[in-house]
Each structure stands twice: as structure tokens, then as C-alpha cells.
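Asks: Next up is a structure, given as C-alpha cells.
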Amino acid sequence: MSQGGAAACKAAKPQDRGWAWMVLLAAVLLQGLTLGFPSCIGVFFTDLQHEFQASNSETSWFPSIMVAVLHGGGPLCSILVKRFGCRFAVMLGGLLSGVGMVSSSFCKSISQLYLTAGLITGLGSCFSFQAGVTALGYYFVRWRTLANAMASTGVSLGFTLWPLLSQYLLDEMGWRNTFLIFGGILLNGCVCGAIMRPVQLASGSPLQSPKPGEEPGRRAEEAQLSNGASSPHPELQQQTRRTACFQMLQKYLAFDIFCQNKGYQIYTIGVTWMMMGFALPHVYLVPYAIQNGVEERRAALLISVIGFINIFIRPLTGLLSGHRVFTGRRIYLFSLAMLLCGLSNFICITSAEFSVLIVYCVILSIAMSGIGALTFQVLMDVVEMDRFSSALGLFTILESITLLIGPPLTGLLVDITSDFHYVFYNSSFFLISAALFMGLSFCALEKKNKLKEASKVPLDNASRYEYNEMPTEPQSESQSPPAVVYITSI
């Protein structure tokens, strides 16, 4: 091969080098602007209650809608990524987030806040965050585990800075002006999106979707749809529509993976159940502390303590989980982190003293670091990267349902009983039960797969996707992930 050809091949493989690290930096900022942002909503909880004369349940719908849409807009994000590319999706998300928060500063009722800050900002955050995670998976192969852990430190930075900034701005200029400033800050997501340029072929042209090998099939499908549309038989037209609908759901929501891949099925169900209790401390910790006599500034500091510790623990978790000892076993680290997170809530139940709450935040942040650093890495372990975008869409839309209903239902229970302890009882129940379900289920599944593979393939050729029922071929680190074809330019 000539020197020019070698250089072209090298340029065609940008994974784990060069511009990939700029994409990682953009992903860190994006996760701080998206996943980290809802952490500050608890600071405004009491002021919004007084402003709109709303109950705990009514007020908690605001952050619930934001977080649920952030996670549940996955299918829409998947469509955007496949059609226009990660760069477009991230920049559109940054624009929507900013517009949503600016609009929320003019709201006259709590229901209007549901639409602006809840739906619009949540949807924008979804586009920016999920497209950013997908792009990160394309740009990193060998260092993917570390890259995911490093990117998740952006959430920690958001958890640290957003509450402190929120409390300062709230004291100085009120919640309306604060939301207006937040709109300008969230527009920086557009800058992060501009950094996520498309991966280039050796010829210099961006990779386009669909795959070349799928083109004949796509043309045949289009011909079939065309023939069905012109056919005079209503039954044939109806069958064609059903086929097209099924193919669309399979493409963007990965129902086929959910039905066939037991690992993905268990993981999705477990995380969906966990989310009923995972967000509760984030929403109610500050109101709980204020109700028990903690000063507002010190109460806001509690969330910042969680974020500050996360900054250091998440990368360590990524390094630890990336060790070859944990290859195929990261799900057990994830389950252990969930179990610790659930048990830590009992500290809050014993006392609401500020010093006790600090201890609680330290332990909770350590557990959250494991969950945050491993959530998407485990998902990448149980599905191939060429279906990751679709699998992420179904995964997030299911967990968004429980994220949406968890806080309001708990808020209703608090309104009825006037006891904030139920927040932490509920959180512990869902986290602990989900941890036990996932850990035991994957243990049984791994034993089943070992028995199958022992009778089919030698140990040297065992798939690295240990959670899949059907063995798949391992992907060489020197090759680009197949899913990179979904990154397109505009």
C-alpha cells in the first residue's frame, strides 16, 4: 500500500484519537447542561409552591415531566440521528432547551411551566444528551468505558454548580430572572453540537445512512410499498401498512432486541423499575431539609456535595469497571451500586440534622457514581453498537414512564401524610428490589449461557456479549463500529 493510501486509511479511523477527545470534552459539557440541570429544580421547589399556590404533588410534576421527557424522547432522537446526524440533533436540542427556559420565565401558572420548562426544555435536553452519548460511542472503541465514565463527570459538575448558581441567582433576582439566564446558558449546547463533526471516509466524504448493503433491500421495500399503494385490494394495502409500521417500530424502538435478547430485557425492566425511586431524593432532599430547619443556602449545598464527590468517583469507577476482570461482569457492579444507593436512604430517615444529611450525601454520591458511570456502558455490553441507538430509544422511553409518575405519586403521599420520610422509604424499596432482581437474573442467565456455549463453541471464541442469549461475533478494536454509518452531516 502506498503512503497516501496508508494515510487515508488512518484518517478514516478517528476512533480513540485526535478529534475524539474534543468530542469527549463536548460530551462532558453536554451532560452537565442536560442531565445535571434538573438537580437544581429542588432549589426552586418552595418558591414555586408559594408563587402558584401548588401542592407537593402538583409542583413535583414540573421536574418529573422534564426528566421523563429527557429520557423518553429517545425514539425521536433516534430518528433525528439517523436522518440528520448527531451534530444536528445536539444543536437542535440546545436551541429547544434555551427557548424552553426563556419561555418559562414568563409563565403565569404551574401548568404553563409543565409545557415550557417541562416539555420543551426536557425534549431539547433529550436530543442533546442522547445524540451526544451516541456520538461518543462512535468515536471511542478501545477506550469506550473510560470515555463514558469521563463524560459522566459532566453530570457531576452539573450537580455541583447548578444548585449553587441557582441559589445565588434566586436570592439576587428571583426565580423568573434566574430561568431567563438559564435559557442563555443552555444555548451553549449548540456549541457542543458544532464540535461533533461527522466521521469521514478515506475519500473525505461523510458516512451516510443507510448502509450500502441495505440499499437493495430498501429499494425493494419501497417498490413493495408503491405496488401496495397502487393495488386495488384493500387487504393488501392494510397488510402493507402493518408491515411498514412494524418495520418502523423495529427500526427505532428495537422491540426485536427486547424480545430476543434476554440480557437487554432484564436490564431494561430492572432500570425501569429502579427509576420509580432513583429520582426521589434529588427532587425532595432540599424541601425535606428546609422543612426540618436547615437554612436554604445550606440545603442547596447538599446537592452540590453529591455532585462534587461524583467528579472524582465516576472516573475511578470507569477505570475500575474497564479492567479485564470485570469484562462481562459490569452488571454486578451496577447492581451493587443500586443496592448501596437504596440502603443509604435509611440514613435520612434516622435524622434530618445537617451533619447527618452530609453523611447521607457522601454515601449516596458514591453509589450514584457507580450507577451513572455504568448505565450506558452496560447497555453497550448487552447490545451491539450498530443497534445501540434504537436500543437506547426503547430503554429510555420505558424508564421515562416511571420517572414521570414516581415523584408525583410520592408527593401525593407526602401531601396526605405530611411526612417526608415516605420519600426515602419509597426510594429504598424500588432501588433495593431492582438491584436484587437484576443481580440474580443476570447470574442465572450467565450460568445458562455458559452451559450453552460450552456445548457449541470453545472458550477462546466466546462472545464478549456475555448477556446475549445468541452468541455474536466480537468486534475488533481496530475496526470502526458498524453504527458509525448513522453519523451524517447537514
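Using N, Cα and C of the backbone, Cβ positions are placed for all residues, glycine too.
Where the annotation comes from TrEMBL, it is an automatic prediction and has not been curated.
It should be emphasised that the depicted structure is a prediction, and the values quoted were computed from it without experimental measurement.
From TrEMBL, for reference:
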type	residues	note
DOMAIN	20-451	domain 'Major facilitator superfamily (MFS) profile'
TRANSMEM	21-45	transmembrane segment
TRANSMEM	61-81	transmembrane segment
TRANSMEM	88-106	transmembrane segment
TRANSMEM	112-139	transmembrane segment
TRANSMEM	177-196	transmembrane segment
REGION	204-237	region 'Disordered'
COMPBIAS	212-222	compositional bias 'Basic and acidic residues'
COMPBIAS	224-237	compositional bias 'Polar residues'
TRANSMEM	266-287	transmembrane segment
TRANSMEM	299-319	transmembrane segment
TRANSMEM	331-351	transmembrane segment
TRANSMEM	357-379	transmembrane segment
TRANSMEM	391-410	transmembrane segment
TRANSMEM	422-445	transmembrane segment
Asks: By a Cβ-Cβ criterion of under 8 Å, what residues six or more beyond either terminus of the transmembrane segment (21-45) are in contact with it?
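Replies: Here the qualifying positions are 59-60, 62-63, 66-67, 70, 90, 93-94, 97, 125-126, 128-129, 132-133, 135-136, 139-140, 147, 150-159, 161-163, 165-167, 170, 175, 178, 182, 185-186, 188-189, 192-193, 195-196, 282-287, 300, 303, 306-307.
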Asks: For the domain 'Major facilitator superfamily (MFS) profile' (20-451), report the average pLDDT of the model, please.
Replies: 82
Asks: Where among 61-81, 177-196, 331-351 do we find the most Cβ pairs under 8 Å to the transmembrane segment (88-106)?
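Replies: So the stretch in question is 177-196.
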Asks: Same-chain Cβ contacts of the transmembrane segment (177-196) under 8 Å, 6 or more residues past its ends?
Replies: 22-23, 25-27, 29-30, 33-34, 37, 44, 86-95, 97-105, 117, 121, 124-125, 128, 131-132, 135, 166, 169-170
Asks: The transmembrane segment (422-445): which same-chain residues, six or more beyond its ends, come within Cβ distance under 8 Å?
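Replies: For the transmembrane segment (422-445), the sequence-distant neighbours (Cβ-Cβ under 8 Å, at least 6 residues beyond its ends) are 262-263, 266-267, 269-271, 273-278, 280-281, 284, 288, 331-332, 334-336, 338-339, 341-343, 345-346, 348-349, 406, 410, 413-414, 467, 469.
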Asks: Where else in the chain does the transmembrane segment (331-351) make close Cβ contacts, counting only residues six or more beyond its ends and a cut-off under 8 Å?
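Replies: Same-chain contacts beyond the flanks: 267, 274, 277-278, 281, 285, 288, 317, 320-321, 357, 359-360, 363-364, 366-371, 374-375, 378, 381, 421, 424-425, 427-432, 434-436, 438-439, 442-443, 467.
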